[in-house]
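Trainee: Take this structure, written in structure tokens, and hold onto it; I'll ask about it next.
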Amino acid sequence: MSVVFVTGNAGKLRETNHILAPTGIELTSHKLDLEETQGTIEEVSIAKAKAAAKILNKPVLVEDTALGFAALKGLPGVYIKWFLDSLGHEGLNKMLAGFEDKSATAWCTFAYCGGPDEDVLLFQGTCEGTIVPPRGENNFGWNAVFEPKGYTETFAEMSEETKNAISHRFKALEKLKVFLAEKAEQSK
């Protein structure tokens, strides 16, 4: 089974391929400049999947990530990319400087749309953790400042295997794998 993963983010593509590799699902990537709607992670993911399916006229997969700080009632949330671009890792830490609570939740939502006129299905995963001063190689996104609960390393300090076995993306992809395996079986 082949699915187009609509992303221009090499890190997301690499992680997703690594996690899906055992399934035999063929993932090809296609970069599209989709309108960034505002709303919840679910609303954003659905809008992106529908738009991509309409443009490409085939089954598509899009992914959206959010990082919410408990002290800020879930901010920056789906806007983490823009916060990170504007403030950097140090700025994310400064946002929490006046708060004792440094806990955060990472969300990953994969949205699958089988075609232009089909419903969008969502597959979500979360990972609880803490925002810490940047540590580890800044390999992508906010990995250097997110330390998952129960671990002493940030995502950036972890091996790819460790991170890909516990992350919010892994948890969402585990749900997606079940769906895609069933879909592949039905198409035989």
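The backbone N, Cα and C atoms fix where each Cβ goes, glycine too.
The ITP binding site annotation in Swiss-Prot covers 7-12, Lys48, 64-65, Lys81, 140-143, Lys163, 168-169, and the record cites sequence analysis as its basis. As annotated by Swiss-Prot, Mg(2+) binding site applies to Glu36.
Burial and contacts for the listed features, if you can.
Mentor: Other Cβ atoms within 10 Å of the Cβ of Thr7 (ITP binding site) number 19 in total over all chains. When secondary structure is read from DSSP and collapsed to three states, Thr7 (ITP binding site) falls in the coil class.
Reduced to three states, the DSSP call for Glu36 (Mg(2+) binding site) is coil. Sequence-distant neighbours of Glu36 (Mg(2+) binding site) (same chain, 6+ residues apart, CB-CB distance under 8 A): Val44.
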Trainee: Count, for each of the binding-site residues Lys48, Lys81, His168, the other C-beta atoms lying within 10 angstroms of its own C-beta, and report the residue with the smallest count.
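Mentor: Looking at the binding-site residues Lys48, Lys81, His168, the Cβ with the fewest others within 10 Å is that of Lys81.
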Trainee: Does DSSP put Trp142 (ITP binding site) in a helix, in a strand, or in coil?
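Mentor: In the DSSP reduction, Trp142 (ITP binding site) maps to coil.
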Trainee: Below 8 Å Cβ to Cβ and six or more residues apart, same chain only. Which residues does that give for Trp142 (ITP binding site)?
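Mentor: Sequence-distant Cβ neighbours: Leu67, Ile80, Leu84, His89, Leu92.
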